[in-house]
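Below is one structure, written out as structure tokens; comments come after it.
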Ligand code: BGC
């Protein structure tokens with residue numbers, strides 16, 4: 001009896017090991033060769049012995065300590081060591097530096113789709129001191145890896161596929177954009193990061209976007225959320241969303257977590273209360289929501305929070321920056337004793353980090369901050385002058401590597417000419433100590449909003465000439481936009 005159980009287990013294991021491609025679950029064998037005859041949403045198909053067969057996916061390259069520094073992992077932990085520094089051992093592959101994974105044989109993290117979860121037990125309380133992006137590995141979002149795998153299955157150009165494969169080795173933010181998504185993604189990814197932390201012995205940072213305020217996206221329509229600007233929904237935000245997030249964060253106390261708070265909301269409070277009735281209706285909820293969450297999350301030692309400040313062509317003008325100083329100082333004060341580490345800029349936007357061709361003048365509508373770098377330099381000064389003590393920034397570079405085709409910098413929806421920008425990296429600019437990181441907050445390939453004019457969340461900006469069409473709803477996969485972002489990547493992928 002014992003022997004037969006052992007044999008069954010061995011057979012099951014063998015079956016699992018041979019189930020190396022997607023087609024087996026659809027009733028087709030795996031191909032032994034690699035020639036692609038047809039591609040659909042399931043994957044790449046070949047023909048062998050007169051029958052369709054599935055071509056096995058190349059597994060996603062693992063993430064390791066060096067992906068957090070903007071370099072890929074070497075393909076093997078026994079790669080030749082070319083150089084060693086405080087971060088680890090470096091090798092060279094494909095003409096570029098790569099990090100040699102620290103553990104041999106074991107997972108070096110970088111979950112590939114669906115490998116979150118598990119039973120790792122949180123350890124001792126971790127405390128972030130200084131820049132939370134420094135000296136940590138960046139967690140890879142398995143949902144994004146799945147999205148990219150789906151995208152690759154629709155591609156046939158091998159150089160584009162190679163670029164898409166690289167996307168799976170970079171970290172980006174996990175958006176908790178509904179109560180349901182928060183329930184599915186918060187704890188599973190905290191667990192995934194914890195398991196990676198235990199296996200590598202390095203701290204693993206997960207970045208979440210808190211994004212469900214009542215009356216969300218008050219100045220536009222494309223990202224209107226599930227909670228409306230009323231007292232009942234405010235209560236739901238607090239009890240079903242913020243309190244639940246707090247519970248999980250308190251449990252997973254031995255790992256660093258960054259929270260990016262409610263993109264666009266406070267920038268709307270600076271510029272759109274008088275002109276947009278929906279923003280006027282939402283203001284009490286936006287302020288109340290921020291005070292509530294800063295008090296809760298801002299006292300957790302392993303959590304660092306960044307409030308969103310829009311982008312250079314939103315708050316960059318002198319009068320807007322001055323007003324912003326007052327609004328943000330008041331909000332931070334209202335969350336005391338909770339602490340805020342700093343601010344995010346350019347989230348889901350396309351403004352270049354540096355654009356020396358622009359200066360204050362008619363072309364920039366007299367904006368003295370026509371790129372993100374100049375915007376942050378000015379905001380740093382102004383926020384300090386407004387009495388905000390902790391002023392650090394995380395700049396979203398997921399889609400600002402290539403100047404888009406937009407005619408006006410206020411255009412924000414699915415811009416053509418998009419290109420992925422600088423890789424996620426801690427302290428990326430020397431001499432700019434207050435820039436904590438470049439990071440990919442908006443996942444390249446997820447839409448900004450639908451171009452379907454009949455949809456409830458259709459926003460006119462998504463119908464503009466330079467908005468790529470046809471576009472799906474905000475957050476849904478947009479293959480054409482993704483492919484263009486890969487092709488225009490700067491630096492190239
Ligand atoms: C959408 C969210 C989505 C996020 C990331 C936002 O524009 O409204 O639903 O999660 O983008 O793609």
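Placed from the backbone N, Cα and C atoms, the Cβ positions cover glycine too.
Keep in mind the model is a prediction, meaning the values are calculated, not measured.
According to TrEMBL, the protein carries these features:
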SIGNAL    1-19  signal peptide
DOMAIN    20-56  domain 'CBM10'
DOMAIN    63-101  domain 'CBM10'
COMPBIAS  106-117  compositional bias 'Gly residues'
BINDING   175, 177, 311, 314, 349, 412, 442, 446  substrate binding site
ACT_SITE  264  active site, proton donor
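Locations of recorded TrEMBL features on the structure.
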residue: 175; record: substrate binding site; DSSP (3 states): strand
residue: 264; record: active site, proton donor; DSSP (3 states): coil
residue: 311; record: substrate binding site; DSSP (3 states): coil
residue: 349; record: substrate binding site; DSSP (3 states): coil
residue: 412; record: substrate binding site; DSSP (3 states): coil
residue: 442; record: substrate binding site; DSSP (3 states): coil
Which sequence-distant residues neighbour the domain 'CBM10' (63-101)? Criterion: at least 6 residues beyond either end, Cβ under 8 Å. 108-110, 133, 135-140, 166, 169-171, 200, 202, 205, 422-426, 428
Checking the recorded positions 264, 314, 349, 412 against ligand 1, those whose Cβ falls under 6 Å of one of its atoms come out as none
Inter-residue Cα distance where the pair is the residue listed as 'active site, proton donor' and residue 314 (substrate binding site), in Å: 10
What's the CA-CA gap between residue 311 (substrate binding site) and residue 264 (active site, proton donor) in angstrom, rounded? 9
Greatest Cα separation in angstrom, residues 175, 177, 311, 314, 349, 412, 442, 446 binding substrate per the record, works out to 23
Quick note, residue 446 (substrate binding site) and residue 264 (active site, proton donor): C-alpha atoms separated, nearest Å, by 17
